[in-house]
Amino acid sequence: MANVDQWTRNKKIWHYILLILLSALIIGPFIIGLWTSLLPTADISSGNLLHSSISLNNYWEAFTQTPIIRYLFNSLLISFLTMLCQVFFCSMAAYAFVFIEFKHRNFYFYLVLSTMMLPFEAEVIPNFQTIKSLGLLNSYAGMIVPFMTSAFGIFMLRQAFMQMPYELKEAADVEGLNHWQFYVKAVLPYSRLSLYTLAAYSFLSAWNQYLWPMLTTFSDDFRPVQVGLRELQSQETFNNWGMIQASAAIIVIPTLIVLYFGQHYFKSGLNEGAVK
Amino acid sequence: MAENNRVIDPSGSAVKAARGGLDFQQLSVKKNDKGYAWLFLGPSLLLLIVFIFYPMLKTLYLSLFLTNGNGQNTVFVGLQNYMTLLTSATYFASLFATLIYVLAVSLLTIILGLLLASTASKNVRGSSFFRTIFSSTMGVSISVSAIFWLFIFNPSIGVFTQLAAFLHLPILNWSTDPNLAMLSVIISTVWMNLGFAFLILFSAFQSLPQSLYEETAIEGASPSYRFFHVTLPLISPTLFFVSIITLIESFKSFGLIDLMTAGGPNNATNLLVYHIYQNAFLNGNYSQASAESVILTIVIAVLTFIQFKYLEKKVSY
């Protein structure tokens, strides 16, 4: 009996060692980044990472000498509006596929689904020309309009809407609700969780957009953080590491907080595709 | 209003009919429904057509022409752009580099993701704390990841260089050696991917039936036997899903390349999408970039199709 205890205890210790090692691997880059963001750039450049004085100077500099607040505001606005549009348009399309009978419904559904196979990255040239000819280069609209809907969102919400008890639709028909009323009063509230999931997912993917805003924005007035950081980096890399790291920290901390609270929705949303 | 004419159907046949399709009541509202169908589906359909279908056709079209710097077609050349690409050494180098990158990223993501998920799924005190840490890289965007790792890999002041100097190991030229530049991009991508892979694989581990484990434990199966013969087959659908998603995403990698290496040194990290960007927006060679886009689309369409087919079958052993 004592042997078994000893054995399980040893196993537990090894298990904790493994957990700590893996955690170090994951949070190592965070810690190095956050730590250097607190050091004076002169010390970073001379390799003096341990015996230095820490301060929040770099953060102060990043906030006052770079347009990072503007970048953050742009990102927040773009991501928020993209999210709202996605939730609205995807849920409407999904509603049509579940609750409205119309000609060639399956055809349209597969048409929408097939767009998941066509990567946006391969279509930037004509899209750039479209946005240019609409006069939307270097504007919020240029970064939002192409992403106002998504096949993934439509597909995910369709799965969710199909779980609704059909009796609800019957009752609504008896009450004489039209499609719009049923959509607003029953479908949206009933599928709240899936809508939150899509919201979290679309917000995050808009926030992480890189290629498109890089191609279509030319001024700090509209640049989101991802591209803004590139701007800062290309201007400052070789002389101001402390401030660059501080800017990275300013961007990553809010997303980590959002992730921490939104974890559940991400998980269920991602699993929507994985485990059916 | 046509809907008002509906009556309660005690036999429930309306339910069946509505699900199956035909129903006289449905027919009576069809005309009205058509308007609603366009109202609800129209916006999404329009957006998808303008920003996905039309550009795809346009790309295909552009790839058959020679285009000038303004993106105007000049001469129809058929498949010549494709021939030029497929006989170009730089394009082959780009394809090869992409293949190395994609395979390395996917394999490492899967293996490390499995390690993280299986370690975190054991019930020990504090395991939820470790789970939060393991999923934390999901909150890291491309530019932040690039900055963290650029500092770590920096050849003069970076952490790796300092560590090597401290340990009296040879100092590596992370940014000038083509192999090391590729390695640094792979490491940053895998690190960034891990949060996502962990979260999904962890959920798969959570849904494994405990009774099966107790059974195999009683039969005296070793942990490694259990892992390879019980766990892996059971989570194989999820494993497959994560692999395909990772493959697709790494074929589309752009941001990290742009920020960390800009395709260099000596084109060593000039992956497919970066090559398209270079050709189109830096060299103004729209026609060749379009041909490259079509090739990229085919690769990704095939992978996505495999994913759909597989998910449709809901494979489990």
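Placed from the backbone N, Cα and C atoms, the Cβ positions cover glycine too.
Automated prediction, rather than curation, is the source of TrEMBL annotations.
Feature annotation from TrEMBL assigns domain 'ABC transmembrane type-1' to A:72-262.
Sequence-distant contacts of the transmembrane segment (A:16-38), counting only residues of its own chain at least 6 positions beyond either end whose CB sits under 8 Å from a CB of the stretch, comprise 44, 49, 54-56, 58-59, 241-242, 245-246, 248-249, 252. Sequence annotations record features per position, and here TrEMBL assigns transmembrane segment to A:16-38 (among others).
According to TrEMBL, the feature transmembrane segment maps to A:76-100 (among others).
Non-local neighbours of the transmembrane segment (A:107-125) in the same chain are 93, 97, 146, 151-152, 154-155, 158, 211-212, 215; each lies 6+ residues outside the stretch with a CB under 8 Å from one of its CB atoms. What TrEMBL lists as transmembrane segment is A:107-125 (among others).
For A:137-157 (among others), the entry in TrEMBL reads transmembrane segment.
Tertiary neighbourhood of the transmembrane segment (A:193-212): same-chain residues 75, 78-80, 82-83, 86-87, 90-91, 120-121, 124, 127, 143, 146-147, 150, 152-153, 156-157, 159-160, 224-227, 255, 258, 262, 265-266, 268-270, 272, selected by CB-CB distance under 8 Å and a gap of 6+ residues from either end. The transmembrane segment annotation in TrEMBL covers A:193-212 (among others).
Taken from TrEMBL, the feature transmembrane segment covers A:241-261 (among others). Residues 30, 33-34, 36-41, 44-45, 57-59, 61-63, 65-66, 68, 72, 200, 203-204, 207, 225, 229, 232-233 of the same chain, all 6+ positions outside the transmembrane segment (A:241-261), place their C-beta atoms under 8 angstroms from a C-beta of that stretch.
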